[in-house]
Amino acid sequence: MTRFIFITGGVVSSLGKGLASAALGALLQARGFKVRLRKLDPYLNVDPGTMSPYQHGEVYVTDDGAETDLDLGHYERFTGVPTRQSDNITTGRIYSNVIAKERRGDYLGATVQVIPHITDAIKEFVQADLTDEDFCLVEVGGTVGDIESLPFLEAIRQLGNELGPDRALFTHVTLLPYIPAAGELKTKPTQHSVKELLSVGIQPQILLCRADRPIPDNERRKIALFCNIKQEAVIAALDVDTIYQVPISYHEQGFDTQVLKFFGMPVGGEPDLSRWQEIVSRVRHPEGEVTIAVVGKYTSLLDAYKSLGEALTHGGIANNVKVKLDWIDAEIFETDGAIHRLEGVHGILVPGGFGERGTEGKIKAAQFARERGIPYFGICFGMQMAVIEATRHLAGLENAGSSEFGHPDPAVVGLMTEWSRGNQLEKRAAGGDLGGTMRLGSYDCHLLPGTKVRDIYGADFIQERHRHRYEVNINFRDKLEAVGLTFSGLSPDGVLPEIVELPTHPWYIGVQFHPELKSKPFEPHPLFTSFIRAAIEQSRLV
C-alpha cells in the first residue's frame, strides 16, 4: 500500500520544495522504506524541452528520454532512484491528453471540463506506474494562489479525500522572513499562505518554514495555533551551507519523525545518515582547491547548469578538494586578448547548448586548453566545438563548422535527420515541430581498448543519456585521427561518434552525451572524478 505525501509551496517561489522532497525521500530510504518522487508542473508547455534556459533552467533528461524539470535531478541525486517519463507531468501534457481523448470520442459526447476530466487525468498520473513503493512524494510546482496551480490543487484535494488520512499527507513549504527593524521573524506570510491553501480545501498537516535562523518556541506556538496544526509539526527549514546538509537538518528538526507519526507507523531507531555526514564533512573540510572555468552560453542563470555544477562538486568530493567554478560567458572570448582570462585555471569545461551565439569563444577556449595542456572537458556542444577546433587548426580545414549555423564547407558537425525511437525510424522535416525531436535518453556506447576513457570507465560498454540534434560526422574520422584525435567511443553500430580524446594531451576529452545527469554524491561520475583529478595535477604545475 503506497502512501502519498503532497508537497506544496506558498508566499514566494524558490523556497526549496524540490530539495525538501528529495531530502525527505532520502530520510525515508535511510529508514528502510522504498520511495518514488514525482513533480507536477503547472505551466502550459507540454514539456520544458523547447523552453529557454533563462526561463526554466536546466532540462533534466531521464533514461527513457523524457525532458523534465530540474527537480527530478535532485530526486535522483538524493535517493538514487532513476526517474522516468511517468514522474513529471505538465498542464500542457494533461490538456493535450484530455483533448486527444475528446477527439477520439472517449468521453462519449460528454461536456469536457476541468472538473472532473482534467482533475481525473491528474489523479490518474499521480497514481500510475507504482508497484511496491512505500511512499510516493508528489511535489506541486508553483505557488499556492497562482491560477495555473488550481487544477492540481483540486486534484490532490480530491485524492486526499479518496485515499483518507492513513494514505495521504499534505506538507506546505512557507517563508518566515526576518525583519531587522523589528528584530524578529514574521509569521503573517505563513498564516496567509495556509489560509490560501485552506480556501481550496487543503489542510496541511506539516509546515516547513524557511528561515535564516532558529524559530523561537513562542513563534512555533503561534504558527501552530493560527494554522491549525500540532506545534511539533512546525518544522524549521533552516538555511545551510551545503545542500547535502539538508537531510541531516530536516531529521534534526523531526521532519521524518512527524511523517511516520502522522501515518501511525512506528518511528523505531535513528536512520543511518552516516554517508550524508561523510559527504558534508568532505565538503566542509577539503584538502585543497581547484578552479574550473565553465565556458558557456547561459552563465547568467546557473540553474541552466544545475546538474553540471553538482557533478563537478561530486568530482571534488571524490578527490577531497573544493571545486571553485568560474562561470564565463563564451562571447567575451570573441574579443582580442580576452582568452587570457583562462590563464591560471586548472581545468576548462564547455557544456551543452544550442545556437550560434558564443560559438567562436568556445572554440577558442578548446584551442587554449589544447595548446596549453590544460585539462579540457567538452560535453555535447562542447565536444562538437573541440572537434571543429581540431579540424580547423590540426587538420587544416580553416572553414570547418557546424550546419547548425549555416552552410560551412566542410560541415564536420551535421543534423541528425534520422534516428531510432523504440522500433520506429523517425525523420524530422524542415519546419517541423522542435519539441521531442532530438536523440533523447539512454543509449549504448562502445569504448575502444587502450583509450583513456576505457581506463576511466573500466568497461567496454557504457550507457549514457543524450539530448542533441547534431552529431560529429563520422566521415571525418580518418582525417582527424591522422592528426592525433582519437574517436574513443562509438555507437554500437560504429556510425555515431560518442567520445573523442587527444592521447598526447594530459586530459582532453569530449563526449556527445550528458554524464552530469547520472552523477550522484555517493556515486560520482567517473569522468568528473577523473577530470577533477587531472585538474589537481594541473594545479601543481601552475
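Glycine is treated like the rest: Cβ placed from N, Cα and C.
Summarising the annotation, Swiss-Prot assigns active site, nucleophile to Cys380 and lists sequence analysis as the type of evidence. Summarising the environment of Cys380 (active site, nucleophile), the number of other Cβ atoms within 10 Å of its Cβ, over all protein chains shown, is 23.
Feature annotation from Swiss-Prot assigns CTP binding site to Ser13, Asp146, Ile147, Glu148, Lys186, Thr187, Lys188, Pro189, Thr190, Gln191, Lys222. All protein chains shown were included, and the count of other CB atoms within 10 Å of the CB of Lys186 (CTP binding site) stands at 14.
The UTP binding site annotation in Swiss-Prot covers Ser13, Lys186, Thr187, Lys188, Pro189, Thr190, Gln191, Lys222. Taken residue by residue with DSSP, Ser13 (CTP binding site) is part of neither helix nor strand, so it is coil.
Annotation source Swiss-Prot lists ATP binding site at Ser14, Leu15, Gly16, Lys17, Gly18, Leu19, Asp71, citing sequence analysis. Close to Leu15 (ATP binding site) in the fold, though at least 6 residues off in sequence, lie Gly9, Val173, Thr174, Leu175, Arg210, Ala237, each with a CB less than 8 Å from its CB.
Feature annotation from Swiss-Prot assigns L-glutamine binding site to Tyr54, Gly353, Phe381, Gly382, Met383, Gln384, Glu404, Arg469. The secondary structure of Glu404 (L-glutamine binding site), as reduced to three states from DSSP, is helical. Sequence-distant contacts of Glu404 (L-glutamine binding site), defined by Cβ-Cβ distance under 8 angstroms and a gap of at least six in the same chain, are Phe354, Gly355, Glu356, Val413, Leu415, Arg469, Tyr470.
Other C-beta atoms found within 10 angstroms of the C-beta of Asp71 (ATP binding site) number 26, with every protein chain shown included. In the three-state DSSP scheme, Asp71 (ATP binding site) falls into the helix class. Positions annotated as Mg(2+) binding site by Swiss-Prot, on the basis of sequence analysis: Asp71, Glu139.
The domain 'Glutamine amidotransferase type-1' annotation in Swiss-Prot covers 291-541 and is backed by sequence analysis.
Positions annotated as region 'Amidoligase domain' by Swiss-Prot: 1-265. The average pLDDT computed over the region 'Amidoligase domain' (1-265) stands at 95.
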Binding-site residues (Ser14, Thr187, Gln384), the one with most neighbouring Cβ atoms at 10 Å: Gln384
Sparsest Cβ surroundings (other CB atoms within 10 Å) among the binding-site residues Leu19, Ile147, Met383: Ile147
In sequence order, the binding-site residues (Glu139, Lys186, Thr187, Lys222, Gly353, Gly382) whose C-alpha falls within 10 A of Gly18 (ATP binding site): Glu139
Cα distance (Å, whole number) from Asp71 (ATP binding site) to Gln384 (L-glutamine binding site): 28
Around the Cβ of Tyr54 (L-glutamine binding site), the count of other Cβ atoms that are within 10 Å: 11
Of the binding-site residues listed as Thr187, Pro189, Phe381, the one whose CA lies nearest the CA of Ile147 (CTP binding site): Pro189
Whole-number Å value of the largest CA-CA distance among Tyr54, Gly353, Phe381, Gly382, Met383, Gln384, Glu404, Arg469, listed as L-glutamine-binding: 23
For Cys380 (active site, nucleophile): DSSP state (helix, strand, coil): coil
